[in-house]
Amino acid sequence: MASGVSAGRDPYDEEAAGRRPLELDGRDAAAAASSSDHRPGSVIPRYQVGSMKGDTSSRYAEGSRLLSTDDVRKSKPGSRYYTAFGVDLSPDNMAVAIVYFVQGVLGLARLAVSFYLKDDLHLDPAETAVVSGFSSLPWLIKPLYGFISDSIPLFGYRRRSYLFLSGLLGALSWSLMATVVSSKYSAASSILLGSLSVAFSDVVVDSMVVERARGESQSTSGSLQSLCWGSSAFGGIVSSYFSGSFVDTYGVRFVFGVTAFLPLMTSAVAVLVNEHRIPPGERTILLSGSGFVESSKQHVRQLWTSVKQPNIFLPTLFIFLWQATPQSDSAMFFFITNKLGFTPEFLGRVKLVTSIASLLGVGLYNYFLKEIPLRKIFLVTTIIGSVLGMTQVLLVTGLNRQFGISDEWFSIGDSLIITVLGQASFMPVLVLAAKLCPPGMEATLFATLMSISNAGSVTGSLVGAGLTRVFGVTRDSFGNLPLLIVICNLSSLLPLPLLGLLPEESGGADNGEMKHN
């Protein structure tokens, strides 16, 4: 969707992914090397720079509660595991949930990155958007990580070893941010490294999710995705308030140093993954010249055969266009900090609200929307999101104060509503992508689909940066900001005529019942 509504993980969350709830990024592009496609794409405050639609790559609450006894309970009689939202909390699923939790909790550094780029490096809104887009690049080549994970066992494991190393890489990137980084180029490189760490771990756990979702109904697939993104949103809640107060009290370098310890949780949970060690002899065959080349060719052929099928290509094209609409997030961040004087501590409170709202959005989808046809969800949420996105104009022009609403309360309420809607509208993207993956290509094809979605987010970010410069919006000049907001939000309606590219599917349909135009 547009600048008003988007969800997913940003590279600082996953894939966070992720369209930003609806302002990832969710799996969401360069606020803090964590969503989600991507993922997305943890959930971030609506007015914070560096979000990524979709990935992310952001991700549960019903009403005002978080996890109730109805949400987490003992599964069927005789089962050894508790369940959360209909999903058994087996060691594998716990590992997936914790990795997503880490993606969310990495949001601790999101505000620190935003203020570091603006105040320490003195970048303008357009430059900040470009840095965000550059930092999202690892989310565009996720198929490569899927291929590596599927084809090259490291120390005898396809999943465990890569999760372990991803955590170490993330710790290194934030350690560099806390110590030696001093220019926009070194900052972009370190953020890129952290984004790579999250993107790779995201591919590994997504492949585990896809293996479980394949052949299941849309409802069951939705429960799996809800567990993932609910975990990410919970991580965002845990870190949200401190993300602002720590910047105010201790400074951005301190926040980066604390954040460096968080990716190590990903390394630690690798032992929970239920995976048999590949014997040395089989590893040698897999990595031998002829065997590896043949395996590579087979993967490429399978990937191309899958992607070119109309029932995969057409929905993916729609998702790309849906994500590629321009964003005005960077310009809004500069406006609320330079013009309205919002402090890091207050923005941390906004982030707390949006993290909770993201959890509410996941719950809204899981309990009320996962049985609704995809086309109807996209149509309704896109139109409502575009209309609500226009409320930013009220804040920029000061009309909210004429109605007796302060800038602070207006931004909190606005962000809450937009984030709930955005997260709920992004969940169907993940469900659709998971259900399109054929057996044997889980990691690679799902990563390909999410990369295409993330590419749309990066495109939207760069188009937004170009429009920001064209309209002359800088760190001190905001005269044309209302026009920029209107154009970005109206653009989100442009993909709607192409809704026919999405499959017609009832909520309970399985893969064999999906019908395509």
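Heads up, the Cβ atoms here are built off N, Cα and C, so glycines get one too.
Annotation source TrEMBL lists region 'Disordered' at 1-64.
Residues annotated as compositional bias 'Basic and acidic residues' in TrEMBL: 16-28.
The transmembrane segment feature in TrEMBL is assigned to 95-117 (among others).
What TrEMBL lists as transmembrane segment is 137-155 (among others).
TrEMBL lists 162-181 (among others) with the feature transmembrane segment.
Long-range contacts of the transmembrane segment (250-273) within the same chain: residues 32, 91-92, 94-95, 98-99, 101-102, 105-106, 108-109, 112-113, 115-116, 120, 157, 159-161, 163-172, 174-175, 177-179, 194, 197, 201, 208, 243, each at least 6 residues beyond the stretch ends and with a Cβ under 8 Å from a Cβ of the stretch. What TrEMBL lists as transmembrane segment is 250-273 (among others).
Feature annotation from TrEMBL assigns transmembrane segment to 346-365 (among others).
Under the heading transmembrane segment, TrEMBL lists 377-397 (among others). Listed as Cβ neighbours of the transmembrane segment (377-397) (distance under 8 Å, sequence separation of 6 or more from its ends, same chain) are residues 1-6, 22, 322, 328, 332, 335-336, 340, 369, 407, 410-411, 414, 417-418, 421-422, 424-425, 428, 478, 481-482, 485-486, 488-490, 492-493, 495-496, 499, 502.
Among the features that TrEMBL reports, transmembrane segment is placed at 409-433 (among others).
The annotation transmembrane segment is assigned in TrEMBL to 445-471 (among others).
Look at TrEMBL and you will find 483-502 (among others) tagged as transmembrane segment.
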Here the stretch out of 137-155, 346-365, 483-502 with the most C-beta pairs under 8 Å to the transmembrane segment (162-181) is 137-155
Spatial neighbours of the transmembrane segment (483-502) not adjacent in sequence (6+ beyond its ends, CB under 8 Å) are 1-5, 314-315, 317-318, 321-322, 325-328, 331-332, 374-375, 378-379, 382-383, 385-386, 389-390, 392-393, 396, 432, 464, 467-468, 471, 473, 517
